[in-house]
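S.K.: Just passing along the structure, written as structure tokens.
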Amino acid sequence: MGQDAFMELLRSMVGLSLCKIHLLLIAGSCLGLKVTVPSYTVHGIRGQALYLPVHYGFHTPASDIQIIWLFERSHTMPKYLLGSVNKSVVPDLEYQHKFTMMPPNASLLINPLQFTDEGNYIVKVNIQGNGTLSASQKIQVTVDDPVMKPMVQFHPASGAVEYVGNITLTCQVEGGTRLVYQWRKSGKPISINSSHSFSPQNNTLWIVPVTKEDIGNYTCLVSNPVSEMESDIIMPTIYYGPYGLQVNSDKGLKVGEVFTVDLGEAVLFDCSADSYPPNTYSWIQRSDNTTHVIKHGPHLEVASEKVAQKTADYVCCAYNNITGRRDETRFTVIITSVGLEKLAQRGKSLSPLASITGISLFLIISMCLLFLWKKYQPYKAIRQKLEGRPESEYRKAQTFSGHEDALSDFGIYEFVTFPDASGVSRMSSRSSPASDGVTGQDIHGTIYEVIQHIPEQQQENTE
């Protein structure tokens, strides 16, 4: 009985001490001692070790340093885990293999971490010196399992028709806690709108009804405080179309819905439209208020020389056998001889570069011809100089240019003829005593020809 009473007294004293410590924690840290932690919330993975770093500092002399760790859950009293005075550690025997501390470092190591270890961890530091200083901090610890890779399934698996069917996408995860789901399309988050809605946990996406704009790559991103994983890309099957039906050709000129084709050309027409699955195409020719199908498939070849009329009307029809929708476009083919006209237009339409090149060549050739003309016809300059002389100077020049001594007249001369009357009279007066064999035609020749005859005349006179 006495032993039971002693144990009861010991329990009451320990409980009283824990209550006092808890009250001190609520009061906060004391002046001169500061305890800090990097984060007030730490997320841990079940089965792995978790380290709770703690730092403290003080500016007064200390004889003893005491560190105490407590653990509490919601609506429960704090539980003693371990403590130390200086470098001596006193653990709770129940947790001596789970919690580790190496004083004077106040950090705590939890290994291994279990779901039962989730809660608040309180660290209290006491400094004994001239007085006692105390400070504490609280750290919240959460424990989770990592997320496993999710898988996405969609229904119906065969696909849905645009504006008619609906699609449901479901994200499934086999492992993980506190899961958060997010749906993405082509890498961007999907938000709620008139056709998109989610389940309460966001693990299901409904698209009602589906449209062509809903085509894309869908993924499910699942995360929790310790990890995140994204599913493989899935692309639901959506049937739509046809949209944007149009006809093009490899030759000819297209203006609106009219194709102009040169006579003798074989033109290949192509009919295309956006749809899934691909459309089936048919070509219809209209003539004399009647229509008849001439070909099936996306291509139609028209030989212009085989067309009886110069104008022909055609229709291209596109049909989607899944959506049940169809579309058609009409066009006209005009056959004309435009080959010569094209050549004439090409000849008339010179490019600016060709025009500049032609003008440049013309200027260069003109400058070269002008240079040659000035270089090899200098008589004009001499003529202008002689015509500007007075008559007396000219006669004086004639007087002293006789042939008294023909041998001294040999040399290199440059003469100019004068076709006017004054020039003829001057030349005739100068050349008359030369020789009887010189005719009137020689008088109108150059002075170089007269000089050529003078030596022969003088030689005859000497004989």
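Using the three backbone atoms N, Cα and C, a Cβ is placed for every residue, glycine included.
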S.K.: Which residue from Asn105, Asn166 is recorded in Swiss-Prot as N-linked glycosylation site?
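M.R.: Out of Asn105, Asn166, Swiss-Prot attaches the N-linked glycosylation site annotation to Asn166.
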S.K.: Look up Asn86, Asn217 in Swiss-Prot and give me whichever carries the note N-linked glycosylation site.
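M.R.: Record lookup, Swiss-Prot, feature N-linked glycosylation site, residue Asn86.
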S.K.: Looking at Asn202, Asn321, which one is marked N-linked glycosylation site in Swiss-Prot?
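M.R.: Checking Swiss-Prot against Asn202, Asn321, the N-linked glycosylation site entry points to Asn321.
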S.K.: Considering Cα atoms only, can you say which of Asn130, Asn166, Cys171, Cys220 is the nearest neighbour of Cys316 (disulfide bond) among these recorded positions?
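M.R.: Sorting the recorded positions by distance from Cys316 (disulfide bond), the top entry is Asn166.
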S.K.: Report the nearest neighbour of Asn86 (N-linked glycosylation site) in space among the recorded positions Cys220, Cys271, Asn321, comparing Cα positions.
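M.R.: Nearest by Cα distance to Asn86 (N-linked glycosylation site): Cys220.
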S.K.: Provide the three-state DSSP residue tally for the domain 'Ig-like C2-type 2' (236-332): helix first, then strand, then coil.
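M.R.: Going through the domain 'Ig-like C2-type 2' (236-332) residue by residue, I get 3 helix, 67 strand, 27 coil.
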S.K.: Quick one: Cα separation, Cys220 (disulfide bond) versus Asn166 (N-linked glycosylation site), in Å?
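M.R.: Distance between the two Cα atoms comes out at 19 Å.
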S.K.: Reduce the DSSP letter at Asn86 (N-linked glycosylation site) to three states and note it down.
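M.R.: DSSP assigns Asn86 (N-linked glycosylation site) to coil.
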